[in-house]
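Take a look at the structure below.
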Amino acid sequence: MAGRINRPYSEVTPERVYLNRRAVIGGLAGAGLLAGTGARAQEMPQFSIEGFDTTEAPNSFEEITNYNNFYEFGTGKEDPARYAGALTTDPWSVEIDGLVERPGSYGLGDILSKVDIDERIYRFRCVEAWSMVIPWNGFELNQLLDLAGVSPSARYVRFETLYRPEEMPGQRRPILEWPYVEGLRLDEAMHPLTIMATGLYGRELPNQNGAPLRLVVPWKYGFKSIKSVVKITLTEDQPLNTWKRSNHREYGFYSNVNPEVSHPRWSQASERRIGAGLFAPRQATLKFNGYEEQVAGLYKGMDLSENY
Ligand SMILES: Nc1nc2c(c(=O)[nH]1)N[C@H]1C(S)=C(S)[C@@H](COP(=O)(O)O)O[C@H]1N2
Ligand SMILES: [Mo]
């Protein structure tokens, strides 16, 4: 489809990754922080967010496309890579309804001809305490919401994944309530960090990662980033998201990454970076997954352990 990608990853990244690795290693060694290694180095955030991108080295295409959660294809991490190839993603359209000025069915090609596709190298933190760095291609969700025209009374956005059990074997079993549903508060949805991803590494988005169009909200646990979206509804009331519905004690609506609020069954203070190696130390989890400066203002005055 025309206009999907404006900046092939391969053209822009290798040199920068190389330079950043040098800066990180040089900087830490120069400051003597690597002496003694261990906990100290582990707690230092060894990256910065420049513009929208983290300076950390991205995970490989292989890692990002072979270790997935997409329960519509089964609960194993390798099930999506094995079974999602059978999903038909063309034609694709997104129904936008509820409190909008121009409700209707928006064809994917039409959407892509009206939005700006960017590359965003985001940190990604699953609620299960593993993480990756992913070079997405996509556009800001606010652009799509502006196409539909958000009505003044709208306060939340509800998202729905495709329901097609013929092609999604997990949907033939009661693993979760289908279709998968997620939601954001309107100000979260309009935030420039919130994107609809259409690709990764400058390639079309692989089916196992939520083709052809999936939400990515980098400061929230991965389950908020709903895949293969077919419906977006603007609402006045907070939508009931699938994981909260399945277990509201363990999963809330906000689901902001927060090392201070444990999951009832495990700590969220640290995480395992996929691909770091069997003996690599776990790394410290950061509030709002490292995007505190950009998003903390959205939650001013809110009790984040109450609103988990
Ligand atoms: N429709 C749908 N969206 C989903 C999921 C799912 O099972 N179904 N899993 C979520 C979870 S738990 C995570 S961690 C991310 C994983 O995204 P990735 O496989 O692209 O890394 O997708 C999220 N979006
Ligand atoms: Mo997850």
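Here the Cβ of each residue, glycine as well, is placed from N, Cα and C on the backbone.
TrEMBL lists Asn68, Tyr71, Glu72, Cys126, Asn209, Arg214, Ser225, Ile226, Lys227 as Mo-molybdopterin-binding residues, and of the candidates Thr89, Thr161 the one it assigns to that same site is Thr161. Taking a C-beta cut-off of under 8 angstroms and a sequence separation of 6 or more, Thr161 (Mo-molybdopterin binding site) has the following same-chain neighbours: Glu72, Pro179, Tyr180, Val181, Ile226, Lys227, Ser228, Val229, Val230.
For the recorded site, Thr161 (Mo-molybdopterin binding site), the DSSP three-state label reads strand. Mean pLDDT for the domain 'Oxidoreductase molybdopterin-binding' (88-243) in this predicted model: 98. Taking every pair among Asn68, Tyr71, Glu72, Cys126, Thr161, Asn209, Arg214, Ser225, Ile226, Lys227, the residues listed as contacting Mo-molybdopterin, the largest Cα to Cα separation comes to 19 Å. The Cβ of Arg214 (Mo-molybdopterin binding site) lies under 8 Å from the Cβ of Met196, Ala197, Leu205, Ser225, Ile226, Lys227, Ser228, Val229, each of which sits 6+ residues away along the same chain.
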